[in-house]
Amino acid sequence: MNGFSTEEDSREGPPAAPAAAAPGYGQSCCLIEDGERCVRPAGNASFSKRVQKSISQKKLKLDIDKSVRHLYICDFHKNFIQSVRNKRKRKTSDDGGDSPEHDTDIPEVDLFQLQVNTLRRYKRHYKLQTRPGFNKAQLAETVSRHFRNIPVNEKETLAYFIYMVKSNKSRLDQKSEGGKQLE
């Protein structure tokens, strides 16, 4: 699911004959941007309640034209909405937020792809407080929330972490081996 519903989810009322054959055929985008109706041809993406909610949360100047009988939007607005939804707004620090660490174009790090043991190691290293018995999704969410809020260069930190794991120089690995050194 990408947040854009199918034509069955978003169709309201009886469809017109040409629109039923091909979504958006001969129709223009149903959105109004900055008070002006979009004239681009409508694609097969529709303006669902979920998309409308994300637009209102981001305070975008997009609205649906109430005079149209369809909910199809153009590819430009579809890509625009997806890109805005995928961008993560980072909190700026007291220094004005103009440092490279506070760039809003930094992609989201998907920590759910890490193994559970790695997430537990991260939690143990930073002494994060969690309830016992967290599943992987809850653990990844907790670690992700902490990871977003620590003031570090994320790329450098991950590179160093991977280097330490690959070179077997992790203190946690040495402790688990009962005191013998790893080569």
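Numbers run from 1 along the shown chain.
Just so you know, glycine gets a Cβ as well, placed from its N, Cα and C.
Note that the coordinates shown come from a computational prediction; the quantities given were computed from them, not determined experimentally.
Taken from Swiss-Prot, the feature compositional bias 'Acidic residues' applies to 1-10.
The disulfide bond annotation in Swiss-Prot covers C29-C30 (among others) and rests on experimental evidence. Around C30 (disulfide bond), the C-beta neighbours below 8 angstroms that are at least 6 residues distant in the chain are C38, A42, F47, I64, D65, V68, H70, L71, Y72, I73.
Within 10 Å of the C-beta of C38 (disulfide bond) we count 18 further C-beta atoms, all protein chains included. What Swiss-Prot lists as disulfide bond is C38-C74 (among others), and the listing cites experimental evidence.
Taken from Swiss-Prot, the feature N-acetylmethionine covers M1.
Feature annotation from Swiss-Prot assigns phosphothreonine to T92 (among others).
The phosphoserine annotation in Swiss-Prot covers S93 (among others).
Residues annotated as phosphoserine in Swiss-Prot: S99 (among others).
Positions annotated as phosphothreonine by Swiss-Prot, on the basis of a large-scale study or a structure entry: T104 (among others).
Residue counts for the zinc finger (29-77) under DSSP, split into helix (H, G, I), strand (E, B) and coil, are 13 helix, 13 strand, 23 coil. Positions annotated as zinc finger by Swiss-Prot, on the basis of a curator's inference: 29-77.
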Confidence summary for the zinc finger (29-77), mean pLDDT rounded: 82
Cα-to-Cα gap, C29 (disulfide bond) vs C74 (disulfide bond), nearest whole Å: 5
